[in-house]
Structure formats: C-alpha cells, structure tokens
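Working notes, structure below.
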Amino acid sequence: MCWERKTLSTIVIVASVSTILLAALTPLITRQAVNDAIAGDATRLPLLACGLLLIALFDFIGNYVRRGYAGELSLWVQHTLRSRAFDSIQKLDGAAQDALRTGQVISRTNSDLQQVHTLLQMCPVPLAVLTYYIAGIAVMLWMSPSMTLIVVGVLAALAITALHARRRVFAQTGLASDRLAQITEHMREVLEQILVVKSCVAELRETRWLDSQSRQMVRVRIGAAISQAMPGATMLALPVLGQIILLCYGGWSVMNGHIDLGTFVAFASFLAMLTGPTRVLASFLVIAQRTQASVERVFALIDTRSLMEDGTESVGGQIIGLDVEKMSFHYGNDNRILNETSFSIHAGETVAVVGASGSGKSTLLMLLARFYDPTSGGVWLNTTRGQQNIRDLKLTALRRHVGVVFEDAFLFAGTVAENIAYGYPQATQDDIRRAADAAGASGFINALPQGFNTRLTERGANLSGGQRQRIALARALITAPELLILDDTTSAVDAGTEAEINTALGRYADSEHMLLVIARRRSTLQLADRIVVLDKGRVVDIGTQAELDARCPTFRSLMRGDGDFLALSPTEQHELWPTTQSAKSDDAHQCQTPAGKGFVDRMTRVPERAVQMALAGHGRQVSSLLTPVAWMFVIAALLIALDSAAGVGVLVLLQRGIDSGVAVGNMSTIGISALLALCLVAISWCCYALQTIFAARAAESVQHTVRLRSFGHLLRLSLPWHEKNIDSRLTRMTVDVDSLARFLQNGLASAATSIVTMVAIAAAMFWLDPILALTALSAVPVVMLATWIYRRLSSPAYAQARLEIGKVNSTLQEKVSGLRVVQSHGQQEQEAARLRALSNNFRTTRVRAQKYLAVYFPFLTFCTEAAYAAVLLIGASQVAGGEMTPGVLAAFFLLQGQFYGPVQQLSGIVDSWQQATASGKHINALLATEETENIAPSSITPSTGALRLEALTFRYPEETQPALDNISLTIPQGTIVAVVGRSGAGKSTLIKLLAGLYSPTSGRIRIGERVIDTASLTDYRRQTGLVSQDVALFSGDIAENIRYSRPASSNREVEIAARRAGLLETVQHLPQGFRTPVNNGGSDLSAGQRQLIALARAQLAQAHILLLDEATARIDRSAEERLMTSLTRGDAYEKRIALSSRTG
C-alpha cells in the first residue's frame, strides 16, 4: 500500500540507504586515525575529523528527509486505511451490519491503526540497519575476511533468534487485540445505555466486569512480554559476544601480524555500533509481531463485503405501485420471520400493516428498502415503463424513490435544520420549514433556544422521544419519495400532535405518492385505505378497517387487547432454556488464558492493591495510580542500571584487553578479560530479561488500573454529565488510555534503558579520561536546548491532534451506529467525504508535529557524530603524543558507539511520549471531575409509604426556563398514576427525577418520611424499576438482559417476570428460547420485543416503584393489556407509577 505513494516511498528508501552507506565509512576513517596515532603521525587527523563531520552533515540531511517523509507516509497510510474501512462499512447490507460491532470498529480504526502507524514510522529503521550491516560487511571484507566471519556469524544468530520468537508472540498479541476490541465494544454499550446501568444500580457490577475481562487481557499481554524477554536479551547480547570473540581472535591476529591494531579497533567499533541499531531492530521486530495481528484485523474490516449484490438498473419512469409476491425471509436461521407474504400498494393509496410484536412488520420494511434480500419470492416496482424487480435496481436509485422512517428515530449531532435536510442538502430554509410543519415539529423547534439552528447532541439526546420522531419524519418528508414507509413513527407523540401529523400524511398519498404505515394505534389506521394483517409472518387478511372488524378475529384481538390469538399450540412451542452458550460467555471462554505456575503465574497477575485502589475510586491523577506498582518500576530501574553497568564493564574489560593484552602481546590477559566479560554478558542477559518482564507487568498493571479507575469514575458521574459529554466518553476510554498504554508498554522501559545507559557511559568516560569525556559530552547542552525548543513547538500540535482524533472517533461511532439512516438517505459518499476530511485534518496536524520531530532527532544525531569527530581528533592526537594509550582511545570509540544507540532509540519514543502526555491531561481532567454518586452497596432498609413531590423544580444546565416548575404531588402507596402531556412537556424529565437520575434544582422528593437527596440517590434507585422510551439491550442473550436488574435471579423468576411483561409467548416462538442471542443493542429483535424484554427486566427487579416512560408504545395492544392486568393485581409492588403520553 505504501507503494501507492511511489514518490514518498522512493525518497524514504533512497534517504535511508544513502545516509547509511556513507556512515559505513566511519570504521575506515577510525582505522586510519588509530594507525596514524600509533605511528605518531597526527598530520592527517584534522582531515579525517572533517571527513566525519561531512558524513554527519550528510547524515543529518538524510535523516531529516527520511524521518519527515516516513512520518508523512505512515500518517497517509493510517488515514487511507481508516477511510477505506469506513468506505467498506458504508456499503454493508443488513446482514453484514448485524454482524458489525461499533466497539470493534472503533478499536480497529484506533488501536490497530495506531499500531500500524507506529510500525510504518519505524520501517526505515530496519532498512537502514540492514543497509548498515551489508555495507559494513563489505568494508570489513576488504579489511579482513577472516574477522568478517565473526560479524556475519553474529548477524546470522540475530536473524535466527528473531524468527524463532515470532510465531508464539504473534498468537498472543492477536489474542490480546481481540480481547481489547471486545472490551471496547462492551464499554461502548455500557456508556450508550448509561440510563439503564444507573437505574439498575449496575455501576459497580460493570466496573468489576471490566476488571475481570481486562485482567485476562493483561495476562495475555504480560505472557507475550515474557515470550519476548529472552529472545530480546539474546539479540542484545550477541553483538557483545561478538566483541569478546573479536578480542580473542583479533588480539591473536594482531600479535601474529595478520592485521594491524587500527583494523582491530575498527572491527570492535563496528560491533559496538551494532548494539544501538540492534536494540532498535529488536524493538521493531517486537512491534512488527504485534502489528501483524492489527493489520489482519484492519484488512478484515476493509475486505468485509455484502452478501447482497447491488443492481445495475435505474428506476424506469414514475412509480405507480409496488407488489410483494410470496416473499419469505429468515435471519440466518430456520426460524422464518415472513412466510409467503403477498400484498400490493398503488399510487394514491395508503396501506397500513398491523400485527403482534415480532410478527415481521419491521422486517418487511427492511426488505422493501432492500437492506436484506428475501429468502424466496420478491418485491416488484410498477412504473410507467413496466415492472422491475428491486434486486435489479441500484440501491441508490431505489432509496431515492423509497423513503423510510425507522421505528428508532436516530438523529445526528448537528443543528435541527441539518438533520431535517440530511437527505436533501440543497434544501432551502422554506423547504425545511415546510417539512417541519408537515411533521408537526415547527412548534417545538421554534420554542428551542436557537430555533432551527439549535445544536443537537449525538442521537438527539437533548430532545424528547416525540420530538426526535417528528424531526426524523420531517427528514423523510422533505425529499417527497414516491413510496414513503413509516415504521410506527408517532408512537412517542401525544394525541394532539399525532392528529396534526396524520392530517398532513393524509394529504401525502396522491397520484404520484404512496404511503405504507406500520401501525399500532387505531388513530393511525384511519389514514389507511387498506390494512394488511400479519400473524407469525403470514398475511391473514387484507381489507378496510370496517371489513377487518367484521371478519378478522386476529385484527379484532390486536385492536381490543384480546390475547387469545397469540396462544401457541404445543407443536409451535420451543424449549425455554435449551443448553446453549451465550455470545458473551463464548467470548470469555475463547479469551481465557491458562493459568501458569510459579514465577510466570505470579508475574502475569495485576497487583491486588492496584485493583482495589481503582475500584475504591482513589487517585485523581494518573501519577497517583502508579503508587501500587512503583516497586516494580524501581526493580526494573535497578535491573536497567545493573544491565547498563554490566555493558559498560564489558567495554572497560575490552579496553584492558587491548592495553594490557593485545598491545603487549599477553594472551593470558586477553583470556582473563574475555572470561570476565562473558560473566558480565550473562549478568546483562538476565537483567535485561527480568527488567523486560517487570517493566511489562508494571506498565500493563498501570494501564489496567487507569482504565478501571477511569471507567468506574465515568459510571459515578451524573446522568446530566453523560448527556452533555456523549461524544468524548468513549474517546477517553480508547484513544487516551491506549496512547498512555502504548507509551508505558513500548516506550517507558526503552527510555529508561536509554537514559541509564547514557549516564553509565558518561560515568565510564569520565573515569577513563575527564578531558576527552568533556569533549565527547560537549553536545549535551546543545541537545538540552534543542529539546526545550522542540517541546515548545510540538506540544500544541500534539494537543490539537488529540482533539482532531476525538472528532474522528465520535463521527465514526455515530455514523456506524446510524448506518441504516445514512444508507436510506443515500448519504454514503457524503459521509465518507466528511470522515476523510476529519481524518485528513488529524493527519495534517500530526504531519506538522512530525516535521518538528524530523528536525529535532537528526540534529541530536548530528551533535553526537560531531562529538565523535572531536573525540577522534583530540584522542588520536593524545595517542600520537604519548599522552593516552590506544586501549583508552578504542574504549572511547566503543562508548561513543553505544552512546549513539540510545539517542536513536529515544527518537522513536518521544513521539509516543508526547501523545501520552496529551492523553494523560485528558484523563486527569476526567478524574478531576467531581463524582456525584456513591455506587457502594448499602445496607439501608428500603423506605415505604407515600411518594411526595414537594415544590419540585428542575432546569437543565445552560437553560433559562425550567423544564419542570414547582410541581407538588402525593402518590399513595399501591396506586397507579398516569402522567400525560404534549411532546416536550417534561414527562421524561419528571420520570428521570422520580427514578433518582436527576437531582432537583429546588424542592425535594420524599418516600415515606425519608428525603431523597444526593447522598441517598443510589439507595433510592434500588427501590425503583424504570423502562425508558428508548430501549436498547446488551450483547448476550434474552435471559441475561432480563437478569440485568437482578443477576442472582433463578430461571423460574425470569419466566415469571417475562409472563407478567407479556414476553413469555414471544420467547416460546424462538428456537433458542431465553438463550436467543442479542446483538447490536437488540437490532435483530423488533422494537416491540425489545420493549417487552425491558419490561420484564423492570418486573424482575421487584422494585417498590415502577416507572414506565412510554414503555408500551411499540408493543401490540394484546401484550399491553396483559401488562396492565399484571400491574393491577396488587401483589407485585407497593407503588406503581405509569408515565405515558398515550390516550385510549
């Protein structure tokens, strides 16, 4: 894919190769300088030093070009992959959308793409290192073929070690990536359904769920680190082993006159210079192994294809009718939703479809708009030029003529006017107002603070359900499609508003337009010229309302609430509790990590103190969450220090071997130095492996703690806070935590190792020769100044990039969740263009930050290489003058080579650190937000008695007028109260106050003699059961969703709750009974079935107060009648409050 930008890729390759080719000449210059110094000739030393400076200058230019263009290329690839993934999602049909998980999409387009970006940014590094290896070997073959074999052997051992570790690490990182995506999806569900979580007092339960699942992921990740530790330590030890072998063989060769001392020092310097690049190459291979799984996951998303093929024809002429002929359909199983359904509709006609919940009404809508293809039979459009099968039509052409208003009114973040004109962007203000008038929405829109320019939050959460429905209806009416399909679009509006809407809709069906209405109210049926009655997926009758009243028992049962028609024969009933495994438990099983034993088992566990600290809500700063694992960082730091000391000790021993062995021909001294050096290598190997494990455990533990603490804190924040910050919540839990985690996982230990190594090398230099050490470290002040300037310039760019990626994520989440609305209005290309623009803004901001980085780190490298040239000039002059031994000069060359490596490694870390810093500020800001709710279990005895509202007033933040003003009401124990009012009158606001989800602006709520205040809100919620008008379910199965209000309930209790809610008969229809999987918020179930499940969940809670907010708007009258009967039995609840704007 990089090759799609051939110019960029070519520049990166050329810059990487050319700079390294020149750098490979450094050993030759070093060799000549050492030989001249030993010979006492210092005349050519200035010229040789200038040669090194020229190489350093060329290296600076090449590195600037390589880093700048590599960064731009990697960000372009990241942007392109994100855009292509979104483009692919836009084309998915209904079946593919059912399998799509928004959390998976967010994870793959963030965590996985960031991993890809990190890898691509580092791609020039292995190319440069390999070029350095090849060029260096060529130079060394010219100097000494026999000694070159030692270098080649080291390189071969490095390659074998890297390949050996690859397979196991890939499997583990792939498993960890999958688990992270599942955790992200569940967090998304919880945050989107925060009202259900709070009303069921499930905050602590959800936090513990995250703790359990995240621990499993952490075990896998630490296991991967353990698998990488020993190969990584071996890769770092091999170049040092090569130096020791070189000391023995090279020393023998010098003493026997086969090579000169300059050649020996040049070979030793080359192997020393291999340490830094090898460390970077080892890091690259580790990241590459992790990234392979990410790449596969991203391309799996891009390569996802619809099973349904797009047609090739346009609609031929004016549509004058539609025929449905013997159409059958089932959702991927043998349970038919529709069974040989047939009916027709003609221009100028309004047809209504009625049926019980789950009878196939909404599925019929999806088939007519061709989100699915029928299993058999089909749909034909009758046009003025003949009949066309909708399978033959282009989807964009079909949906331009067939408009759909879904039962769930999904609105996008933006203004009211933008939402109404969504499918018709060129609409004028007059067009928008006419559509709003027809939908009965003008009145409440004009009353909004900024009228049609009022901004809506994601999903229109700052509007009532009825208001959202009317805007969605206006959005469909503005395009005036020939066939308009309405899926119960007035279920959440009051009777007066419904009458106004029906009057407007009654005028819609004319000689050029048709109206198909899925209806649940008699008032809606008054629009219909004919009514289609569905029962168990079959058309049982078609006729006028009067005709069906006279001859159709099913229709009469639906309208009058007689539930007899739903009775199932024994042969139709399925087992309620078949032995199956829910999707959620399957996931958990697949991601289980086998428990190890002993050290490995202990090292893969998160410290319990850290977990308890997060669960208890302690720590308002990310830094404070480090306390429980600080000892691990200390151990890792000590091991890093010991590792660095051992590495420097090896170099000192090599210096001794040269001065006291090679220079004087003493082979025994060389042997002793080599043996001692081998011991230090063994110590260094152990230290590196252990510090890798401890650092990984510490980093993963902090990541787990930060995610757990942030998530728990989010759940403790008030519902108004969530409604105001819908867009940013998931970004905090994904982008911010992942950025912090990447730095802790990949950067922190490497940075510490680099810094400690540099300090140790500096100390060794001062011990060997203070004057030459000052020369070698003369660039440090310049580097510090450059670092300060770089931070001042780049920090704003990183902060802006964090804001830009937040916009990208919120848009992705919103447009994936509302994908069917996007497709029904033919806005796929426009939405793809919007996302590309947002993603490109992020890319542009990051490119700006990358350019600062491209100057900063090559400049650091230039300073280091300039210092190397100064050491060569001054040190060789001292050797020529007899003031320094060749061994000390050789040691300085080796130390300089190892000083270069950490500087280069830091170049790949600072970018990650800058991103982590920006994300850490956002996490700190979140944790600093004052918690308003206590989610700890309580032993307070539930209060009883009358429920009293005393001068209750509530005003939304930033609003001037109260939504509820001075309401006083007493509800005696054992009463049912219905609250009615026009849409937007404050009914849902009142229900949220009564549910303890809002705190009054003034006034108070009493239950018995107890005042419900902020401190007791959570205890109060345990006494309430709430069913809101917007029902969404959790992934799992039906039983798990019902049990959400009381997890410990038995199967029998679940059945009783389902029967009282009118759900049991529906469950008996389903082959898997209560084990029927629920995915994507219950999108595979009808709206009525989802409401029944939510009602059963509230029934199971056995709460003292039952609150129903339009909770029966989408269920048939028969199910509603059974529910009302259960409410009036008097044996289930002490208080009952039903809130509804419905009449009749």
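Quick reminder: no glycine exception, Cβ is built from N, Cα and C everywhere.
Remember, TrEMBL labels are computer predictions, not curated facts.
Copied over from TrEMBL, here are the features:
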- 7-25: transmembrane segment (TRANSMEM)
- 11-290: domain 'ABC transmembrane type-1' (DOMAIN)
- 45-65: transmembrane segment (TRANSMEM)
- 118-141: transmembrane segment (TRANSMEM)
- 147-165: transmembrane segment (TRANSMEM)
- 229-252: transmembrane segment (TRANSMEM)
- 264-287: transmembrane segment (TRANSMEM)
- 322-561: domain 'ABC transporter' (DOMAIN)
- 629-654: transmembrane segment (TRANSMEM)
- 634-915: domain 'ABC transmembrane type-1' (DOMAIN)
- 666-690: transmembrane segment (TRANSMEM)
- 743-765: transmembrane segment (TRANSMEM)
- 771-790: transmembrane segment (TRANSMEM)
- 853-876: transmembrane segment (TRANSMEM)
- 947-1143: domain 'ABC transporter' (DOMAIN)
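Among the recorded stretches 7-25, 147-165, 666-690, the one sharing the largest number of Cβ pairs closer than 8 Å with the transmembrane segment (629-654) is 666-690. For the transmembrane segment (147-165), the list of distant contacts is 133, 136-137, 140-141, 227-228, 231, 234-235, 238-239, 241-242, 245-246, 249-250, 253, 259, 263, 267, 270-271, 274, 278, 281-282, 285, 289: same-chain residues at least six beyond its ends, Cβ to Cβ under 8 Å.
Most Cβ pairs under 8 A with the transmembrane segment (229-252) among the ranges 7-25, 666-690, 743-765, 853-876 are made by 666-690. Sequence-distant contacts of the transmembrane segment (743-765) (same chain, six or more residues past either end, CB-CB distance under 8 Å): 118, 221, 283, 286-287, 636-637, 640-641, 643-645, 647-648, 651-652, 691-692, 695-696, 698-700, 702-703, 772-773, 776-777, 891-892, 895, 898-899, 901-903, 905-906, 908-909, 912-913, 915-916. In the predicted structure, the domain 'ABC transporter' (947-1143) carries a mean pLDDT of 78. With a cut-off of 8 Å between Cβ atoms, the residues of this chain six or more beyond the transmembrane segment (7-25) that come close are 51, 55, 58-59, 61-63, 65-66, 69-70, 72-73, 76, 123-124, 127-128, 131-132, 135-136, 138-139.
Long-range contacts of the transmembrane segment (666-690) within the same chain: residues 229-230, 232-234, 236-237, 240-241, 243-244, 247-248, 251-252, 255, 639-640, 642-643, 646-647, 649-650, 653-654, 656-657, 660, each at least 6 residues beyond the stretch ends and with a Cβ under 8 Å from a Cβ of the stretch.
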